Amino acid sequence: MENQKEKILVVDDEASIRRILETRLTIIGYEVITASNGEEALLVFRKEYPSLVVLDVMMPKLDGYGVCQELRKESDVPIIMLTALGEVCDRITGLEIGADDYVVKPFSPKELEARIRSVLRRADKITTSLGVPNSGIISIGFLKIDTNKRQVYKNNERVRLTGMEFSLLELLVSKAGEPFSRASILQEVWGYTPERHVDTRVVDVHISRLRAKLEDDPSNPDLILTARGTGYLFQRIIEMNKL
């Protein structure tokens, strides 16, 4: 099975949820490891190096936010947060500190499986073509984007982006100067279809994260601009240079 080599860490203090997810994800071909609290999650992560982390927000002692912050200090591993129904602040906070996506409890295991597949696909190190040559470096002023290695450099220093952040940047750069609506970004980067009712602030938070990492002045951006009433666009003219 194509998912066989992917290892997923499920972190939740509810044994029943860990059990259900371990069973379902194992059946469809993933290797699953679990942790029942935040401290254990960090220990398991550093030992097992999973491909993706499914992380509950509400846990005693070290909660999901704390775990996410610690993981982001050392890794760009994809993180999907499990948040409470109706707690919008949980979702936004999780995204702001580095989560790639979220699923609201109670959730359908099939929904989570779909989100895992989508996030892993977009976090894959093999570049998918979005109209940008995958055999070159894109130079944009002080930025260089290596589409082969999925790496970004600012003033010749590596900037660490998560897989979703890179995919979002790659999408915007692929049609520099053309605005993308939030709905189209959700569909292209996260795989959410139009009929899904998804909080578009997912896009806004990731844009803020990109600006914080790439712009000289994130509060007055000159790379990633807001297209009033539409969404976002990448402003600079780009030059393609072969590797």
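Yeah, the Cβs are placed from backbone N, Cα and C, and that goes for glycine too.
Residues or ranges marked as DNA-binding region by Swiss-Prot: 76-94, 135-236. Annotation source Swiss-Prot lists domain 'Response regulatory' at 7-120. Annotation comment: Swiss-Prot describes Asp56 as 4-aspartylphosphate, evidence class sequence analysis.
Per DSSP, the DNA-binding region (135-236) is made up of 35 helix, 26 strand, 41 coil.
DSSP states for the domain 'Response regulatory' (7-120), grouped as helix (H, G, I), strand (E, B) and coil, give 56 helix, 26 strand, 32 coil.
Around the Cβ of Asp56 (4-aspartylphosphate), 25 further Cβ atoms fall within 10 Å across all displayed protein chains.
Mean model confidence for the domain 'Response regulatory' (7-120) is a pLDDT of 91.
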